[in-house]
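Features of the protein shown, as given by Swiss-Prot:
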- Ser8: phosphoserine (MOD_RES)
- Ser112: phosphoserine (MOD_RES)
- 122-159: region 'Disordered' (REGION)
- 124-134: compositional bias 'Acidic residues' (COMPBIAS)
- Ser125: phosphoserine (MOD_RES)
- Ser127: phosphoserine (MOD_RES)
- Ser128: phosphoserine (MOD_RES)
- 251-519: domain 'Protein kinase' (DOMAIN)
- Ile257, Ser258, Thr259, Gly260, Lys261, Glu262, Ser263, Val264, Val265, Lys290: ATP binding site (BINDING)
- Ser512: phosphoserine (MOD_RES)
Amino acid sequence: MDLVGVSSPEPGPAAAWGPSKCPWATPQNTVSCSLTEVMSEELAKELQLEEEAAAFPEVVVAEGPFISGENIDTSSDLMLAQMLQMEFDREYDAQLRREEKKFNGDSKVSISFENYRKVHPFEDSDSSEDEVDWQDTRDDPYRPAKPIPTPKKGFIGKGKDITTKHDEVVCGRKNTARMENFAPGFQVGDGIGMDLKLSNHVFNALKQHAYSEERRSARLHEKKEHSTAEKAVDPKTRLLMYKMVNSGMLETITGCISTGKESVVFHAYGGSLEDEKEDGKAIPTECAIKVFKTTLNEFKNRDKYIKDDFRFKDRFSKLNPRKIIRMWAEKEMHNLTRMQKAGIPCPTVVLLKKHILVMSFIGHDQVPAPKLKEVKLSNEEMKDAYYQTLHLMQQLYNECTLVHADLSEYNMLWHAGKVWLIDVSQSVEPTHPHGLEFLFRDCRNVSQFFQKGGVTEALNERELFNAVSGLNISADNEADFLAEIEALEKMNEDHIQKNGRKAASFLKDDGSPPVLSAD
């Protein structure tokens, strides 16, 4: 069989000088393909397949139930993915904590990145050593439900069902919820399970009461810390006493030995001072520390003893009440110093530090000397004590130019067979507007005590007043006697304002009303 090729007629060559033909109208030439070439390509393809089959034999895979679509289980994969995600979240949270710690540093104001955490507090069980049960408080029955907030437009609803922000029920529930903002110590009651509604009037009254109670508690707390109480001292006073012991002036403070309306007295053992040799003053072996109370409860009604005293009159109006108490301690120091120079038995002043006065201790081995009210004396000792008291009153009036103003059996001690005078912080000079009245009151207290004690020689208050002051006031009854005393005080006060004299000795040589001496 002859192989016959199939071919298309070829066009002849075109003349160069002939007219040009359009390329779109020119048919494409068909490439002829012989039968021999086709047979050779199929043979080559078969040979290639045989070689591939020989080189790569076919692997037969047996069919099993594990590849069926009905039994596919991916729960373990989901759990692994969740565990991996949780680990990634914890690493992210740890990185946030490091960044937060680095960002805050040692600053007192810190910024928290807790809102950017990925792990929930309930799931983050490894973040704390102690296992704490986390409880979602969103549905806590013990937490009152928050009122529905009012939108910006100011009302809710439409038509007849409009509810404004001024609605009585809405305002009542809001006021009930606002009670949680009161101070922790303010009792607001338990309203669980009750739909409480407080009116604006009641809520405003409660709010004002809560604020006033908070301010009052703060004042009481401050007053307790900054004021002395009975048998106790405030921190500032305690610090002053500690400095006295630390400096070596006092060896030790044993405890409280007496309490009064204005002061508390402590016992202490004396030490030594660095400038003790220079001053020539030795600290007693036993000392009494008189701490004036800073509560101001008793001093408010006792300012008349100091504001009219010319020694402190100019300073009294310029001081606040707390500094006035320090002036009381200073006044007692000056009075004791004046009495000590006159030889009157009284405590010796060692040191004055603000409102703390250190004096010599009248007693022995931490046992204070008894008061005349407490001691039991025989008739001879009581008589001796009376004449000693009379002499001390005359000596205090004439030599010290002072009136005790609170002399009684409670402010006189019996020690070593002598009468000792104490508590002279309120003592004034006779030129005081009420000095003679204070002297008459002292005479009454002394006369009544010794008359009750069995001293028949004791003078009455009018006779004792004339004996001490040297004035010859003759009056049959107490009312007339007091009237003459007030008249004398008025004359003396007018004389002081007219002449400007500050001397305190009365002229007693003539019978005229007492005036101030020129010297």
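Even glycines carry a Cβ here, placed using N, Cα and C.
Annotated features taken from Swiss-Prot, shown on the structure.
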{"residue": "Ser112", "record": "phosphoserine", "Cβ within 10 Å": "10"}
{"residue": "Ile257", "record": "ATP binding site", "Cβ within 10 Å": "17"}
{"residue": "Thr259", "record": "ATP binding site", "Cβ within 10 Å": "13"}
{"residue": "Lys261", "record": "ATP binding site", "Cβ within 10 Å": "9"}
{"residue": "Ser263", "record": "ATP binding site", "Cβ within 10 Å": "23"}
{"residue": "Val265", "record": "ATP binding site", "Cβ within 10 Å": "19"}
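Cα of Lys261 (ATP binding site) to Cα of Ser112 (phosphoserine): a span of 56 Å.
Largest Cα-Cα distance over the residues recorded as binding ATP, namely Ile257, Ser258, Thr259, Gly260, Lys261, Glu262, Ser263, Val264, Val265, Lys290, equals 14 Å. The average pLDDT computed for the domain 'Protein kinase' (251-519) is 83. Geometry remark: Ile257 (ATP binding site) versus Ser112 (phosphoserine), CA distance 57 Å. On the backbone, the CA of Ser263 (ATP binding site) and the CA of Ser112 (phosphoserine) stand 54 Å apart. The distance from the Cα of Ser112 (phosphoserine) to the Cα of Thr259 (ATP binding site) comes to 56 Å.
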